[in-house]
Amino acid sequence: MCGIVGYIGNNEKKQIILNGLKELEYRGYDSAGMAVMQEGELSFFKAVGKLENLANKCTDFESQGYGFAIGHTRWATHGKPTEINAHPHLGQYSCVIHNGIIENYKEIKDKLEKEGVSFLSQTDTEVIVQLFEFYARNLGVFEAWQKTIKELRGAFATLLVTKKDPNHVYFAKNAAPLIIGKNANKEWYFSSGDAPLIGSCDEVMYLEDLSLGYASKDELVVYENDILKSLCFSKLSGDKAYAKKDGFRFFMEKEIYEQSRVMSEVLMGRIQGDEVVFDELNNEDLSQVDEITLCACGTSYHAAMASAYLFERIAKVKAKVEIASEFRYREAIIKKDSLFIVISQSGETADTLEALKIAKEQGAKTFAICNVDNSNIVRLAHLSLLTRAGIEKGVASTKAFATQVLTLWMLAIFMAQKRNLNVSAEIKALLHTPNCVSVKQALHEKIHRLSKRYLDGHGFFFIGRDVFYPLALEGALKLKELSYLHAEGYPAGEMKHGPIALADSKLYTIALMPKHMLYEKTKSNVEELIARDSTVLSISPLEFDLSDDFIKTNEQDHYMCEFFEMMVITQLLAMEISIRLGNDVDMPRNLAKSVTVE
């Protein structure tokens, strides 16, 4: 997840770009860069790390007078966070910035390399500028740009400047946000979000998917699906905090709604035909792995628990799960050459990092599932996969959990493929998951209405079976973190072994009742709680009249699609209860986003 800005006008361009990137820094911050076109000359600057590093690099650079500039702040998805991989990416006479993922970048890169084109970076973005210059050998600039964009598959919002046409900025947008702003001074602005435009623009146009065009001092031309579009601008809101949240009340709410797009990005470039592919694992033989240990803390531990079921069921590999803070002190025995997978959103979780070191010392092959490239955990592990969740501002994890489970599910399928096991049903379900987490307004409104029943009482049970047990644990954790109400997750089959003693009308039970995973067994457990007067909210695609409240989910073909749909419901429920209680959903008390100490 990255942020892009652009500017056409007479003011100091460097500072406008830096100011704009500052407003987008929450989208990504492992590197940043900018390019300025003035009087036909192209200047560019890049820096790794925080935005201030870029500002320091261009301290003496001045850019008054007419021209244009583009800038980018990056959160790595393809390629390490290095200066070479930072945007803008350069051709011989052009440069480009890009937010998104080019799904077919390897295919394009291979084609261009056969034509003698050389690449400097490891990124997917560089193919855009190299492909453009390849076509511009024989075509006009706009025709070359059109042909380039038509060849790209995936999500992208991109800006290009070229010395071949020093009077225009070229842009394109598909499945990633791009906004064009204007003001009375005939200046044009481009941005991934509203925040950089507030105070500089009066009106904005939100580009639709499959849009491309060009802009200069005197004109803006936009095509949508190859049809010339009439320009339609709307008034820009003046609230920057609101803009950063894209109109949502809280970052957590925004991040719940982002999960569909983010999960699409997790899949991009990693499914080819009917197979899961990981470029990062091309040279690795995981077919001989006969034991997996998954180790994590908190929400990541719940993702590990869910994936243990998947590794055993899909890949037929023995899997066990460890809490990192316990593992590091109990003198655990790790089988040499087994696979030791650590999971961490930040890549800096102290207990998980120490557990990784112990496993490595004992001879295990170590594997990191992480959201932050170049973090300590990623650098230390033998292998790694990035979850591509982007920045998560809400302290209570939502999209990071979703992408961890999805990435681990894909890894289980990948390992099953290496063992020549049939995974066709898994691939079909994988491709459907982004739809499963898309939030419908009617659902959110219903959860908001139901939430008022669940504001008091002496506690909550979240219950489920199989992968829905770790989801119950995660649902209970979300509610605890945000509402400060007591909540516990249990395997539904364990109710009779003690917890049912708490059941009465002020014990609230959230029952996860999927059609495709032990429905009748779970239903029987829920009926036992109802018989003892527990107030029950059941979540299922199958009608269940005995519960006090019922949320009907969609009929799915695979239990993991049910898993992700129910995940969203538990997230929204925890958030709505907490909002009714007057709590700060983004910054719950006593908690930090990344736990880097014991």
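From the backbone N, Cα and C atoms, a Cβ is placed for every residue, glycine too.
These features come from Swiss-Prot:
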ACT_SITE  Cys2  active site, nucleophile
ACT_SITE  Lys593  active site, for Fru-6P isomerization activity
DOMAIN    2-218  domain 'Glutamine amidotransferase type-2'
DOMAIN    277-421  domain 'SIS 1'
DOMAIN    450-588  domain 'SIS 2'
**Asked** Taking DSSP states H, G and I as helix and E and B as strand, how many residues of the domain 'SIS 2' (450-588) are helix, strand and coil?
**Response** 66 helix, 27 strand, 46 coil
**Message:** With helix taken as DSSP H, G or I, strand as E or B and everything else coil, how many residues of the domain 'SIS 1' (277-421) land in each class?
**Reply:** 61 helix, 28 strand, 56 coil
**Asked** Reduced to three states, what secondary structure does DSSP give Cys2 (active site, nucleophile)?
**Response** coil
**Message:** Looking at the domain 'Glutamine amidotransferase type-2' (2-218) alone, can you tell me the average pLDDT?
**Reply:** 92
